[in-house]
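A.B. asks: There's a structure below that I have some questions on.
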Amino acid sequence: MFARSALRAAQPLRMHGRGYATESAPKGGSNAFLYLAGGAALAGAGYWYLGSTPVAQQAEAKLKQATGAAAKPAFTGGDQGFVSLKLVDVENASHNTKRFRFELPEGDMVSGLHIASAILTKYKGPNDEKATLRPYTPISDEGISSGQPGYIDLLVKKYPDGPMSTHLHNMVPGQRLDFKGPLPKYSWAENKHEHIGLIAGGTGITPMYQLLRNILSNPSDKTKVTLVFGNVTEEDILLKKELAELENTYPQRFRVFYVLDKAPKSWQGNSGFITKELLKTVLPEPKSDNIKVFVCGPPGLMKAISGNKVSPKDQGELTGALKDLGYTQEQVYKF
Ligand SMILES: Cc1cc2nc3c(=O)[nH]c(=O)nc-3n(C[C@H](O)[C@H](O)[C@H](O)COP(=O)(O)OP(=O)(O)OC[C@H]3O[C@@H](n4cnc5c(N)ncnc54)[C@H](O)[C@@H]3O)c2cc1C
């Protein structure tokens with residue numbers, strides 16, 4: 001279990017501005033900057049637009065309403081730079097994935113991320129020439145529904161020789177890591193779509209979980225959500241308990257279909273790869289009004305289902321199973 005530390009020292013923010021093109025924050029808390037990826041190998045990266053949008057402002061207003069006070073966002077974008085956060089808890093989520101809890105600088109702070117957003121991490125080892133930068137998608141919300149502001153949780157898979165995931169997996173509570181954000185992805189607003197389909201593979205579940213948790217925990221949001229979640233083995237399924245809880249709590253609005261590449265004999269779900277036939281049966285139909293299908297997973301899954309993204313700002317052409325099933329480019333979002 002993630003135990004919240006009883007004593008929290010207010011940590012000063014450590015700022016780094018190096019190598020980042022920034023825009024100063026406009027009035028009213030709205031701020032933005034363009035992050036230009038350098039030589040560091042950022043998975044599928046190029047650049048992100050960081051900062052507050054009308055949706056971010058709505059989220060902030062919602063937070064204020066929920067907490068009855070001005071919720072202080074930890075990540076404000078603009079020229080904020082990197083914020084150093086202390087790791088307070090680590091849990092094994094599977095044989096190669098851990099869940100990390102980082103404490104926000106002040107106990108009553110919320111992340112300030114609006115849905116759906118990621119966050120950038122930075123680490124420079126003692127023998128590294130350059131810092132490694134990698135984005136991650138927090139799976140904790142902004143503290144609205146949990147009523148527990150003060151931290152962000154990351155779910156990170158370890159890649160052999162992957163510098164950031166290895167560093168994270170070697171970290172122990174008490175150590176610190178630099179974060180910067182938000183990195184806005186798909187801007188959600190309640191009831192934006194009637195029915196959404198989420199197709200995830202492995203840690204591709206993180207943006208989906210952020211999205212569906214936000215939708216389902218909002219009583220005013222009536223959006224239906226269908227998740228198709230592919231994994232290699234049953235042990236690889238991340239957030240299974242959390243997804244089951246959401247399915248039980250919102251049976252009319254949320255369904256999960258698991259697909260296992262290597263299914264045990266006793267497996268009752270689907271096996272093999274995610275097929276067109278399965279998607280045709282469970283996803284909202286392309287003909288329906290106001291639907292959206294989100295895709296996130298390893299390159300092979302992306303290629304087969306929707307085609308890969310070209311860059312964070314370029315969704316690339318829609319190809320693969322979704323194209324064959326008649327979905328349009330506008331109906332699909334690749335995280
Ligand atoms: C917007 C965004 C959000 C992300 N959120 C998360 C998250 O919540 N949790 C998480 O674990 N990861 C997430 N990632 C991936 C993460 O940013 C890193 O790419 C990953 O942790 C590997 O970094 P690394 O430095 O350890 O290894 P790298 O040196 O980047 O990669 C090591 C090896 O693993 C391969 N690899 C890297 N990423 C993937 C992948 N996704 N699928 C298959 N092979 C891969 C590389 O091709 C390389 O061979 C996200 C990526 C993006 C773009």
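Backbone N, Cα and C define each Cβ position, glycine as well.
Since we're looking at a predicted model, the values are computed, not measured.
TrEMBL lists these features:
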- Arg134, Pro135, Tyr136, Leu155, Lys157, Met164, Ser165, Thr206: FAD binding site (BINDING)
- 80-189: domain 'FAD-binding FR-type' (DOMAIN)
A.B. asks: Do you know the DSSP helix, strand and coil residue counts for the domain 'FAD-binding FR-type' (80-189)?
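C.D. replies: Secondary-structure composition of the domain 'FAD-binding FR-type' (80-189): 8 helix, 47 strand, 55 coil.
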A.B. asks: Starting from the FAD site formed by Arg134, Pro135, Tyr136, Leu155, Lys157, Met164, Ser165, Thr206, give every other residue of that chain whose CB sits within 8 Å of the mean position of their CB atoms, in sequence order.
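C.D. replies: Here the non-site neighbours turn out to be Thr121, Thr137, Leu154, Val156, Leu168, Thr203.
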A.B. asks: Can you tell which of Tyr136, Lys157, Thr206 has the most other C-beta atoms within 10 Å, given these are the binding-site residues?
C.D. replies: Thr206
A.B. asks: Max Cα-Cα distance in Å among Arg134, Pro135, Tyr136, Leu155, Lys157, Met164, Ser165, Thr206, the residues listed as binding FAD?
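C.D. replies: 17 Å is the greatest Cα spacing among the residues binding FAD.
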A.B. asks: Just counting, how many other CB atoms are there within 10 A of the CB of Ser165 (FAD binding site)?
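C.D. replies: Step by step: centre on the Cβ of Ser165 (FAD binding site), count other Cβ atoms within 10 Å, giving 22.
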